[in-house]
Amino acid sequence: MRAPIPEPKPGDLIEIFRPFYRHWAIYVGDGYVVHLAPPSEVAGAGAASVMSALTDKAIVKKELLYDVAGSDKYQVNNKHDDKYSPLPCSKIIQRAEELVGQEVLYKLTSENCEHFVNELRYGVARSDQVRDVIIAASVAGMGLAAMSLIGVMFSRNKRQKQ
């Protein structure tokens with residue numbers, strides 16, 4: 001039997017499992033979250049929308065967690081509590097509530113929803129999704145370079161034998 005999802009507490013980070021990425025929000029109580037909503041997170045835009053990669057603005061929204069998650073699974077994930085001390089809960093919520101309704105800068109690689117919630121909870125803007133993609137791309141690039149080098153060496157060796 002699967003363990004039940006723990007009830008979020010104010011100030012908790014909520015990780016929402018979209019089909020191709022993770023969306024992040026911060027729980028502020030009474031069923032509500034505050035999150036950064038680029039066009040891909042606007043109702044009807046489609047969960048797999050690439051619109052967030054094409055925009056530089058997002059709206060800070062306060063919505064019911066149930067509505068933001070929709071049919072996607074979610075979990076409480078305060079994953080950096082071991083590295084950073086969370087700010088006091090009252091400060092997290094105050095900062096989040098003050099931003100609701102504001103249009104803010106949005107960059108997929110440096111100012112996305114994960115950066116936003118980590119800044120609110122820890123005072124440190126970071127995104128592991130971005131880091132993981134950069135690492136994967138670097139590893140893939142090195143692999144392709146190594147394969148190309150092996151191919152060149154193999155073809156030279158083959159020509160020398162002829």
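The backbone N, Cα and C atoms fix where each Cβ goes, and this holds for glycine too.
According to DSSP, His23 (active site) sits within a strand segment. Sequence annotations record features per position, and here Swiss-Prot assigns active site to His23 (among others).
Under DSSP, His35 (active site) is assigned to a strand (E or B) in the three-state scheme. Neighbour count (other Cβ atoms within 10 Å of the Cβ, all protein chains): 24 for His35 (active site). The annotation active site is assigned in Swiss-Prot to His35 (among others) on the grounds of experimental evidence.
When other Cβ atoms within 10 Å of the Cβ of Cys113 (active site, acyl-thioester intermediate) are tallied across all protein chains shown, the result is 26. Annotated active site, acyl-thioester intermediate per Swiss-Prot: Cys113, in sequence order, evidence recorded as experimental evidence.
If you take every residue in the domain 'LRAT' (13-129) and average the pLDDT, you get 88. Annotation source Swiss-Prot lists domain 'LRAT' at 13-129, citing sequence analysis.
Residues annotated as topological domain 'Cytoplasmic' in Swiss-Prot: 1-133.
The topological domain 'Lumenal' annotation in Swiss-Prot covers 155-162 and rests on sequence analysis.
Cys113 (active site, acyl-thioester intermediate) carries a helical DSSP state (H, G or I). Counting in whole angstrom, His23 (active site) lies 7 from Cys113 (active site, acyl-thioester intermediate) by their C-alpha atoms.
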